[in-house]
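To keep things clear, I will list the structure first and then write my remarks on it.
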Ligand SMILES: [Zn+2]
């Protein structure tokens, strides 16, 4: 055999196998998505998202305290309003008594070290279930939508969010939010994480179940990207960098590893997040239950694929398990 044929000597030891990674999963890279509802005492199982619950503000201490002890560093909050008066412009989104703002304030007090990101989205708060304001014919009216989304983002930042993360995919909203944060004197205190390449995926089903956010008519295809749209995703990433995003995100993760790789090439100077969405999580859990693979091994394989593609931050429902698994011997 030729010298150049021999590779196995370089990775025959378990430690040497780990050294093959450019980046290894650690606890700082994990952001845990959490559903906050408006009943302060809620602790409600979400059947399609195994192991995850909808939480009330009063339950957050008991829920997150033990995870923080295990090394949880950051969360991203999703509001699930069940008792509010929804309207055309999503007024309850930044209601100071609403679940998200209440949760931000509570978590800042309870856990000063915890990094708190807030998803910014109007879908859960509008009467029509779309992520913006509509024209009379039901199509999205972009300028006032962007203005409203920026207003909500700034109010989350004012409440104490370390990071605001708009998931709406409206044109121009990154610039509007950045200017809004600057105008509120928060430009240097709040991170802007853009869902830059968010695809219209079949993998959001369990999330919609959890958040109660299916649109009342139509779909979100006019603003979420078509799954085959690689060029479009690249343009969206370039745009959001130029509009002032501090972190770029690709969502979902596993079927879009090529887009993560594109993002790491297009935005090499930014942290790069990916969202292992509800359907990816449910799929991995279901496969393990069906005996297709071992859950832990597959969960690590999925995270490693994202890191290999270039991600530096992973939003994952596996976060509590990863915190335990990372303390164990691999
Ligand atoms: Zn939305």
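The backbone N, Cα and C atoms fix where each Cβ goes, glycine too.
As written in TrEMBL, here are the features:
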type     : residues      : note
BINDING  : 121, 123, 131 : Zn(2+) binding site
ACT_SITE : 198           : active site, schiff-base intermediate with substrate
BINDING  : 208, 220      : 5-aminolevulinate 1 binding site
ACT_SITE : 251           : active site, schiff-base intermediate with substrate
BINDING  : 278, 317      : 5-aminolevulinate 2 binding site
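This view paints the features noted in TrEMBL onto the structure.
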residue	record	contacts (Cβ under 8 Å, 6+ apart)
131	Zn(2+) binding site	121, 122, 123, 145, 149, 167, 168, 169, 170, 220, 223
198	active site, schiff-base intermediate with substrate	167, 169, 224, 225, 249, 250, 251
278	5-aminolevulinate 2 binding site	48, 49, 203, 204, 205, 206, 207, 210, 317
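A simple Cβ count within 10 Å picks out one of the binding-site residues 121, 123 as the most packed, and that one is 121. In this structure, 121, 123, 131 are the binding-site residues from 121, 123, 131, 208 whose C-beta falls under 6 Å of some atom of ligand 1.
When the recorded positions 220, 251 are compared by the number of other C-beta atoms lying within 10 angstroms of their own C-beta, 220 comes out lowest. Annotation note: residue 278 (5-aminolevulinate 2 binding site) sits in a helical segment as assigned by DSSP. A strand conformation is recorded for residue 251 (active site, schiff-base intermediate with substrate) in the three-state DSSP classification.
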